[in-house]
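Participant: Sequence annotations record features per position, and here Swiss-Prot assigns compositional bias 'Gly residues' to 15-29. Marked as compositional bias 'Basic and acidic residues' by Swiss-Prot: 131-163, 196-207, 237-248. Look at Swiss-Prot and you will find 220-230 tagged as compositional bias 'Polar residues'. Residues or ranges marked as domain 'RRM' by Swiss-Prot: 42-118. Annotation comment: Swiss-Prot describes Ala2 as N-acetylalanine, evidence class similarity to another entry. Per Swiss-Prot, phosphoserine is recorded for Ser13, Ser14, Ser21, Ser24, Ser32, Ser230. Feature annotation from Swiss-Prot assigns omega-N-methylarginine to Arg19, Arg22, Arg136, Arg166, Arg175; the stated evidence is similarity to another entry. According to Swiss-Prot, the feature region 'Disordered' maps to 1-41, 121-248.
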Amino acid sequence: MADFDTYDDRAYSSFGGGRGSRGSAGGHGSRSQKELPTEPPYTAYVGNLPFNTVQGDIDAIFKDLSIRSVRLVRDKDTDKFKGFCYVEFDEVDSLKEALTYDGALLGDRSLRVDIAEGRKQDKGGFGFRKGGPDDRGMGGSREPRGGWDSRDDFSSGYRDDFLGGRGGSRPGDRRAGPPMGSRFRDGPPLRGSNMDFREPTEEERAQRPRLQLKPRTVATPLNQVANPNSAIFGGARPREEVVQKEQE
């Protein structure tokens, strides 16, 4: 994976500092704070991300926290990143710390970080709501610890309509999915939520810490397809061809 080891450490103060308190003037306006979950999964919605974001960027943003899985939401038809993702943490303290990143500036974007709202399922298990018209799968991971199903939803309470059309997501962004058969739908968040987002003023922007990525050290994608014209065995030739040449 490309090297993304340096976000500005000044942006990572302890809970309640640096990035603007939730619901304060430095945040996204007046909002009702959600209760932290008392049992897994401990999942955060992260929105308003640059469209060239990759998993390594998310790992770097939350590098000091205990991340279990990352799900980058992509358009079903174009496979383009839609500007938001879901990050599950191993314990509630990491989720609590992640919430303090809400309002931090990444380039000219003000990050949105919130608790992904969960709801109990009729048949057991725990799901998330993030409304949308269609169901999309989000499977694939390393260290499998529970399946990902698409029949239930995710909801963060943010309005991401400007991030693009509805669509699905590409499987297998990072590690295992949440336990107890959690399920997802990855369309834009529900309207009419209990949180309102407003763009920060210039004064507020000046007070917020800025997150900066170093250039990626790997210029060529690691999963790039090999050149089909390249010789698999270098300059080696079949044995029959070698014998024929010696006889000549």
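Placement of Cβ uses the backbone N, Cα and C atoms for every residue, glycine included.
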Participant: Within the domain 'RRM' (42-118) only, compute the mean pLDDT.
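Facilitator: Value for the domain 'RRM' (42-118), mean pLDDT as a whole number: 94.
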Participant: Count up the helix, strand and coil residues in the domain 'RRM' (42-118) according to DSSP, in that order.
Facilitator: 17 helix, 33 strand, 27 coil
